[in-house]
Amino acid sequence: MGDSFYEYLLKVWIQGNRTAAVSHYRKMWETSMKGLVSLVRRTTPSSFAYLGEKMGSSINDKMDELACFAPGMLALGSSGYSPDEAQKFLSLAEELAWTCYNFYQSTPTKLAGENYFFNDGQDMSVGTSWNILRPETVESLFYLWRLTGNKTYQEWGWNIFQAFEKNSRVESGYVGLKDVNTGVKDNMMQSFFLAETLKYLYLLFSPSSVIPLDEWVFNTEAHPIKIVTRNDRAVSSGSSGGSQESDRQLRTRKEGRFRVHH
């Protein structure tokens, strides 16, 4: 239930432009990811990777669709590792995204339930069977497409969008499903369907120049925040102008450390 905390350890490092001033957040995130890796399990017979839920000293073979933000987070953070480690985390991200996509593909409506259980020999089965138009899976597909260029992720996103169109579209908007097995509708459109789900689907089919990830970082509710630029270049001390420039930079940092310099 603390998913956004782990996401923000990574994203504060990115928003701070990956500098020494924010490096401790990256270290905390990497420590947390060692814990996450310890929760990875695989189903039988198809070997879908999933994240178990740690409850005290035991791990439950259950995963929420909410946890499908993790593949995108892992992909986004993989580039900060050494090449070998980066590939391991990117591969794990891709495996988990395949599982999340199958949360959708494994139901009659092709829309995911709220959570899934993993029993020996049965791969995955829907637990809580409603769908409330959640964004986490398409969010991860967006990151994986941007970071790998693999159009498979666009195909998966298109299939999910088509399932929303077929099952959730009503005259005045979109609604969730009370049960992804029967297709019975509820009567509510969550605001995050517009703010996140459709936004990430739109970006999945937009050029990478639309909200580029080297200039922006998304918060956990899909609002883009500008990455801080830092003017930390060394200034020559051999002239009075240089001294004045150093004074000005120091004053600027004190007044507003995160001011954007153009």
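Just so you know, glycine gets a Cβ as well, placed from its N, Cα and C.
All annotation found in TrEMBL is predicted automatically rather than curated by experts.
The Ca(2+) binding site annotation in TrEMBL covers Thr220. In sequence order, Asp3, Ser4, Glu7, Tyr8, Phe69 make up the list of same-chain residues 6 or more apart from Thr220 (Ca(2+) binding site) whose Cβ falls under 8 Å from its Cβ.
Marked as compositional bias 'Basic and acidic residues' by TrEMBL: 245-262.
A sphere of 10 angstroms centred on the C-beta of Cys100 (disulfide bond) encloses 30 other C-beta atoms. Residues or ranges marked as disulfide bond in TrEMBL: Cys68-Cys100.
Look at TrEMBL and you will find 233-262 tagged as region 'Disordered'.
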Count the Cβ atoms, other than its own, that fall within 10 Å of the Cβ of Cys68 (disulfide bond), considering every protein chain shown.
26
